[in-house]
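Visitor: Sharing a structure with you now.
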């Protein structure tokens, strides 16, 4: 007979589950494919004690009327001094917020964070930078290069969550950065750092501290080759906001986007320029790009992108080349490949064109990425321009969505785009005919050219 514990209590049983690292779904048994999101080889073993479930919410809290909760709007949100960052998160950091910043390696996440901490320290806020990836000497060298005031920033090289929490309790910082969440581990679990269990539980402990103590915490996360933040999908559900820093290593410009924001909009973008002295804010981005638009080449079109409260003029490049391959290339950098497939199908159907022996490459210059239907008209114009080997008119921009019928449709914020086009010196704006008829779009100094469908666009370019 087995010996029972003297206390008479049964030992807590270990519960083995399998967690999908893509969507966060749990399963009692391992399968090769997630039954929720259909991802292959994404289930990882998750071992926990059944009686040790926890949440960041304090147990024993009693319900209270919502009207009895006092919120001081001025004290709850404070501007960091990095205007482009504040723009994206809704006007400043909310006290007690728990955020996540992702980006590809080398894009400038650590540089942005170090500059952000320096600005926050100037506000008489105590800032703590916890790193599990770099040494203190490396951070010191980067701060010297960035000419950052260093005496107001606390640095801690640590990966154990319990040690980090002890430091937080001792120094009581106002703003904490963890670089990165994938390097952390808690001694409550035996799994290695970066595993699904460690990432989830480490984030849970940090969130518990942030909410209980009204401290703002920002996690840095690695990005997979698919563009998602590494780790369980539940990590993105736990945080208050998710930011992505985008851009190509060889390009100067970086875009900061919010894909989740409980405290503001997700439509704004922040623009930075990478220099030898770090990331520099770009408050008037169009002044940097307009000079390139005066000398167009075949396959080049200008697109007026609407990003929140600002309009960005971006260069679309399309190359149509001959190929003998059975499956011609349809390559897109900076735009949705499915949109290109639709545009090609529309041109083949309504213009009787044949692209079966042509490779088509589309690139959005400067490493930008935009997902907006208003790109359809400029991409179509650039594609026809490359195919015909004829440049588009100088100082012209194109705005509009293409329908499966071949017609061009209106898009939001046309008047705002026209105003910015006139301010930046553009002379021709090609708009869908339907938008011109139904709306009174006009701007001094800009000639509006209406385009009904792909047939009319082809005749204008021929």
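Glycine is treated like the rest: Cβ placed from N, Cα and C.
Whatever TrEMBL says is automated annotation, not expert-curated.
Heads up, here are the entries from TrEMBL:
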type	residues	note
BINDING	103, 104, 105, 106, 107, 108, 109, 110	ATP binding site
DOMAIN	74-223	domain 'RecA family profile 1'
REGION	359-462	region 'Lon-protease-like'
MOTIF	260-264	motif 'RadA KNRFG motif'
Visitor: Using DSSP, would you call residue 103 (ATP binding site) helix, strand or coil?
Guide: strand
Visitor: For the binding-site residues listed here, 103, 105, 106, 108, which shows the highest count of neighbouring CB atoms within 10 A?
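Guide: Within the set of binding-site residues, the most crowded position is 103.
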Visitor: List every residue in the same chain as residue 109 (ATP binding site), at least 6 positions away in sequence, whose Cβ is under 8 Å from its Cβ.
Guide: 101, 102, 103, 179, 220, 245
Visitor: Going by DSSP, how much of the motif 'RadA KNRFG motif' (260-264) is helix, how much is strand and how much is coil, in residues?
Guide: 0 helix, 2 strand, 3 coil
Visitor: Sort out for me which one of 104, 110 has the most neighbouring CB atoms within 10 A, since those are the binding-site residues we care about.
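Guide: When each Cβ's neighbours within 10 Å are tallied, 110 leads.
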Visitor: Determine which residues of this chain, when 103, 104, 105, 106, 107, 108, 109, 110 are set aside, have a Cβ within 8 Å of the centroid of the ATP site's Cβ atoms, and list them as they appear in the sequence.
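Guide: Everything else in range on the chain: 245.
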Visitor: Please give the average pLDDT for the domain 'RecA family profile 1' (74-223) in this predicted model.
Guide: 90
Visitor: Per DSSP, what is the residue tally for the region 'Lon-protease-like' (359-462) in helix, strand and coil?
Guide: 43 helix, 27 strand, 34 coil
Visitor: For the domain 'RecA family profile 1' (74-223), give the DSSP counts of helix residues, strand residues and coil residues.
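Guide: Grouping H, G, I as helix and E, B as strand yields 65 helix, 35 strand, 50 coil.
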Visitor: Just jot down the residues in the same chain as residue 107 (ATP binding site), at least 6 apart in sequence, with C-beta under 8 A of its C-beta; none if empty.
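Guide: Once residues fewer than 6 apart are set aside, residue 107 (ATP binding site) is near 245, 246, 247, 249, 254.
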